[in-house]
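For reference, Swiss-Prot has these:
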- Gly67, Pro68, Glu69, Ser70, Ser71, Gly72, Lys73, Thr74: ATP binding site (BINDING)
- 341-355: compositional bias 'Acidic residues' (COMPBIAS)
- 336-355: region 'Disordered' (REGION)
Amino acid sequence: MAIDENKQKALAAALGQIEKQFGKGSIMRLGEDRSMDVETISTGSLSLDIALGAGGLPMGRIVEIYGPESSGKTTLTLQVIAAAQREGKTCAFIDAEHALDPIYAKKLGVDIDNLLCSQPDTGEQALEICDALTRSGAVDVIIVDSVAALTPKAEIEGEIGDSHMGLAARMMSQAMRKLAGNLKSSNTLLIFINQIRMKIGVMFGNPETTTGGNALKFYASVRLDIRRIGSVKNGEEVVGSETRVKVVKNKVAAPFKQAEFQIMYGEGINTYGELIDLGVKHKLVEKAGAWYSYNGDKIGQGKANATIYLKEHPEVATELDKKLREMLLHNAGEFNSAASDYEDNENEEMNNEEF
């Protein structure tokens, strides 16, 4: 028993020393019924927020979004920016592809007047800008579009046809080591958009891979695979695309969940259509034949009319969104300092001794 008490005192002293040297919260104790309270930003899609488990993309972490061309990668990140700006957060867009369309971004709800934008010349410059913005502590969301366009300086200064084996992978590996800690301390969300490449000579298994080496795969807390799986038509005219997002990796909740939603051309994610579908699935919206009803009131005949009703009555849409989030998302608990627990125990013992 005396040995246990000595161990407890030694541990309390060690924890106190660590926190004194490295700051409060530098070492934590995971209680049995506690989980880390991760702050998140909505993706703009309710079904994807639910699939992610935490209610959105986690702050202070690295996220990778990859998929084929025209699958909705940039659209999804612009929706994240719009959602973050609505919460009063500061966002930056590192446009390495030099292809950002400000008119389209504005249509998706992005406040382009307050969006920081950079079009770097080299990959090193892009990543240094990311690091500088992160260390400032004043930027909440940074988007890099895309990893494939982060060209090392040596490759740009060289000639076409020169061999530059592993340069991009080495550059990304160094950047990840430098950025990861800074992102956590400044609580900045860094999203990398990535492209797909094919491995040569793969006979079995998935031949697809992403650019930039393996470092990003390891450092990313969330990896999203986004694919276009169909078209949305209005008569004969194609007005959007059916999109599926798979959570390939998730360090803040259970992975491998999927979300399906529509991306409408010129409008972005069809959030009202998602509310109708999820409302029907979880019995918050009643469907009788072609008619949709909410709280006993008919809101439209057919999904298109029900969607229009929600568009015209945003207070109803907000109420339905809130109910679905409360039903489908779990709130995380508190995450306390280990040293403070021992300090509390010691204080209690001292108080008991006084009496």
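Using the three backbone atoms N, Cα and C, a Cβ is placed for every residue, glycine included.
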ATP site shell beyond Gly67, Pro68, Glu69, Ser70, Ser71, Gly72, Lys73, Thr74, criterion: Cβ within 8 Å of Cβ centroid: Ile226, Arg228
Which of Ser70, Thr74, all binding-site residues, has a Cβ with the fewest other Cβ atoms inside 10 Å: Ser70
Structural state of Ser71 (ATP binding site), classified by DSSP into three states: coil
Among Pro68, Gly72, which are binding-site residues, the residue with the most C-beta atoms within 10 angstroms of its C-beta: Gly72
For Ser71 (ATP binding site), nearby residues of its own chain (Cβ under 8 Å, 6 or more apart in sequence): Ile226, Arg227, Arg228, Thr243
Gly67, Glu69, Lys73 as binding-site residues, winner by CB count within 10 A: Gly67
